[in-house]
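Residues annotated as Fe cation binding site in TrEMBL: 96, 98, 140, 142. What TrEMBL lists as domain 'Pirin N-terminal' is 65-157. Feature annotation from TrEMBL assigns domain 'Pirin C-terminal' to 211-314.
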């Protein structure tokens, strides 16, 4: 029926869009036409807040895009911070302390060398993960190990009051050891938690899901998420639709805070791959008092932590004569 209309008349009524916009609209329509078979959850998680992670300076000359841990999204229990970092020599993150939480460093490009005051030292490369439980105290450095920009994500996960003063520990996974799964053009690397029937070996003291998805053009993914958990998406590259097929598209460097539900759906609406991480965790539901790299439950505990750090005691004993090399 549309073929019988005069094309010039149609163009005057509806000027042509750009090729990119036209392609996006076409893909969105395709997705919407399939929506009856794409909604696979009783209560799909929808995007309740979208935040652009803007550039800021951290450490010694490093640049980060901070998506969680900023004025418009201070915390998302149990998550304290998410940084998308880029660091080139001689910049980096020289000696600094932590207490009361965990850090997860996931390398996207290049290498970072880590060393701490207990003698632990190593380098993680593209695709590798370091899951560090700071517990009662760590002082360490994180410095670029190659020329040019070294890029990655660092996530801070809170610990419950009963775990804040445990002994530090590390879990390190080489890229080749990270579990993978693939279905219908959707590939996932399972850093923590489970996807497509495949489970990560990482032990999460605070129950956590950390999944790295790559969707080919027009592919879709559907991931179960425990209903009681909080969760968010960070788009690394590409353009996608999240939650429901007619949602507005989201592009790189956006954090998407998810509402309640039993799972998340995502669709790649672009002609290029869509890469994003889905991160979710069980809320701790305890007070959070943060002073820089120290995260405790009360002001008195923060005061004690500052004293411990200053006087090299209660977990910081080895800090007195240590400097990174």
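Glycine is no exception: its Cβ is also placed from the backbone N, Cα and C atoms.
When other Cβ atoms within 10 Å of the Cβ of residue 96 (Fe cation binding site) are tallied across all protein chains shown, the result is 15.
Listed in sequence order, 95, 96, 98, 114, 115, 116, 117, 120, 132, 324 are the same-chain residues six or more apart from residue 140 (Fe cation binding site) with CB atoms under 8 A from its CB. Using a 10 Å Cβ-Cβ cutoff, residue 142 (Fe cation binding site) registers 28 neighbours.
Report note: the Fe cation site is defined by 96, 98, 140, 142, and the residues of the same chain whose CB lies within 8 Å of the CB centroid of those residues, excluding them, are 93, 95, 97, 103, 114, 116, 138, 139, 141, 293. Under DSSP, residues within the domain 'Pirin C-terminal' (211-314) fall into helix, strand and coil as 12 helix, 49 strand, 43 coil. Across the domain 'Pirin N-terminal' (65-157), DSSP classifies residues as 0 helix, 62 strand, 31 coil.
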